[in-house]
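According to Swiss-Prot, the features are:
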BINDING   Glu115, Arg116, Asp169  S-adenosyl-L-methionine binding site
Amino acid sequence: MKIYLKFKSYNKRICKLLQLFKLEHDQNCSMGLLINHNSLELYNRDNVNQKPIKVDFTSKKNHYRCHHFRRKNEVLYRVSGIKNSYFPTVLDATAGLGNDAFIFSFLGCKVIMIERHPIVAALLKDGLQRGYQDKKIGHWLQTRLHLIVNDSLKMLEIPILQPDVIYLDPMYPFYHKKSLPKKDMQFFRQLIGHNYDSKKLLEVSRKLAKNRIIVKRPYYAKPLSEDKVNHIVTTRNHRFDIYQPF
């Protein structure tokens with residue numbers, strides 16, 4: 001895939017990632033990848049003031065969320081099905097920047113992320129490699145959070161362990177200004193586009209998961225399926241629809 005490549009400094013590890021995901025320099029591309037010392041960052045060449053995007057499992061936001069974890073306040077704990085010593089295996093079929101997958105792994109679940117876009121996959125792989133080396137989280141992150149580069153619609157064909165839970169957070173259209181995400185995430189959406197196959201992805205997920213499928217939706221959005229939603233958990237801005245497998 002073609003993208004503008006900018007090197008702030010040479011990094012052998014990141015150069016290997018660029019080769020692995022076949023990312024090649026394109027002088028005319030409006031999106032760029034910045035090799036910023038020890039991290040890979042996506043940035044908007046048309047807006048140099050916009051903050052670059054990177055996957056950082058050691059961020060202050062993640063640290064705060066983990067440090068202040070309370071069962072009743074963490075919605076992913078409530079929808080996951082975790083009970084006592086039971087920690088379900090989770091397949092995140094819409095990995096994005098890996099934020100929710102990281103929380104599932106922090107909670108004790110073994111998580112596999114699937115991502116088909118080579119640029120996003122490179123960002124995730126970079127974040128994982130740095131996270132694995134972190135002194136605070138690396139010891140458990142290495143055993144709980146992993147990435148598969150593939151199309152989620154083909155996950156029935158992937159020879160992986162059948163997960164207990166499949167998690168879906170598909171992109172959805174925004175109908176009014178107040179519902180728009182931050183500018184950096186709007187830019188990220190431009191890269192990966194909308195998920196026009198979300199309903200089909202839910203159908204595939206219900207054929208694979210053992211126990212449940214969790215679909216994250218905005219509070220105003222219609223369910224992905226006309227079938228009955230078995231359970232619903234709501235927050236201020238989102239709704240988590242839980243379906244049973246076929």
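Counting starts with 1 at the first residue shown.
A Cβ is built for glycine as well, from the same backbone N, Cα and C atoms used for every other residue.
Counting other CB atoms no more than 10 Å from each candidate's CB, the binding-site residues Glu115, Asp169 peak at Glu115. In sequence order, Val149, Asn150, Asp151, Ser152 are the residues of the chain that are 6 or more apart from Arg116 (S-adenosyl-L-methionine binding site) and have a CB within less than 8 Å of its CB. Those same-chain residues not listed among Glu115, Arg116, Asp169 yet with C-beta within 8 angstroms of the centroid of the S-adenosyl-L-methionine site C-beta atoms are Asp92, Ala93, Thr94, Ala95, Gly96, Met113, Ile114, His117, Val120, Ser152, Ile192. Spread of the S-adenosyl-L-methionine binding residues is 15 Å (greatest Cα-Cα distance among Glu115, Arg116, Asp169).
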